[in-house]
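Annotated features in Swiss-Prot:
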BINDING   D12, S13, Y44, G45, N76, T77, T187, H188  substrate binding site
ACT_SITE  C75  active site, proton donor/acceptor
ACT_SITE  C186  active site, proton donor/acceptor
Amino acid sequence: MAERSAPVGVMDSGVGGLSVLAEIQRLLPNETLLYVADCGHVPYGEKSPDYIRQRCRHIAGFFHEQGAKAMVLACNTATVAAVADLRELYPTWPLVGMEPAVKPAAAATRSGVVGVLATTGTLQSAKFAALLDRFANDVQVITQPCPGLVELIETGDLTSPVLRQMLWGYVQPLLAAGCDTLILGCTHYPFLRPLLAGMVPADVAVIDTGAAVARQLQRLLGANDLLAEGPAGDARFWTSADPEILRKILPVLWHKCGDVQSFAL
């Protein structure tokens, strides 16, 4: 039985999961968080499911060695490829994954047209198709794969003209099709909200699932009597790329500095 004071492992293909990490820390400030950014293998969205499962198994094993009491797959593509596999490997481990916010978007739309920005891997998955079948029968869903977007966000420069131009190229067709609700189907994309605010009308809802994932983690930890009790927890970081790169990006995306260690390939 894990201790309440044990850490929670959070992983992503890169820095996108920091958007989820922030929501977890906001809701559960007493938790100690371990974050692995698999930047040496980013992006996951264009890689095979088998490759992604291998990476997720490797990282889950690391969290297990660190004594983590729960794990969050803060990556839509990793969830699609690996969550079932990891639940089979670790059946007693509280495990939270991501999925595009199809249900709340379908409820929120007024025009009946919902746009989805996501990676190719997420959009082509059976899990995403099942979400549409379950929650989006009464709305039109227009999907937009966004190759290249994750790589630009990984640089930490969220105001570059190249990023702005690429994002507009993906968003403009959705707006032209009448979308009044946009789903951010990748954990990297919430960092683009300031850019999106200048591109989409004020009455277009932009939805992601970071806060919902934090609430689900809270429910699972509570159900297993694993919620940490003061003092405030901290966050520690690992990366499969150059640690110095993540150290420079953390103040931009995490709004704090952090200790970053190398994660063995």
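Glycine residues also receive a Cβ, built from the backbone N, Cα and C atoms like all the rest.
Rounded to a whole number, the distance between the Cα atoms of C186 (active site, proton donor/acceptor) and T77 (substrate binding site) is 8 Å. Its Cβ placed at the centre, H188 (substrate binding site) has 29 other Cβ atoms within 10 Å. According to DSSP, C186 (active site, proton donor/acceptor) sits in a coil region rather than a helix or strand. Here C186 (active site, proton donor/acceptor) is positioned 6 angstrom away from N76 (substrate binding site), judged by their C-alpha atoms. With respect to their backbone Cα atoms, D12 (substrate binding site) and C186 (active site, proton donor/acceptor) stand 10 Å from each other. Classification of T77 (substrate binding site) by DSSP places it within a helix. All chains included, 32 other C-beta atoms sit within 10 angstroms of the C-beta of S13 (substrate binding site). Its Cβ placed at the centre, G45 (substrate binding site) has 27 other Cβ atoms within 10 Å. According to its DSSP assignment, D12 (substrate binding site) is in a strand. Largest Cα-to-Cα span within the substrate-binding set D12, S13, Y44, G45, N76, T77, T187, H188: 12 Å. A 10 Å cutoff on Cβ-Cβ distances gives C186 (active site, proton donor/acceptor) a total of 31 other Cβ atoms nearby, all chains included. With respect to their backbone Cα atoms, H188 (substrate binding site) and C75 (active site, proton donor/acceptor) stand 8 Å from each other. Neighbours of T187 (substrate binding site), defined as other CB atoms within 10 A of its CB across all chains, total 31.
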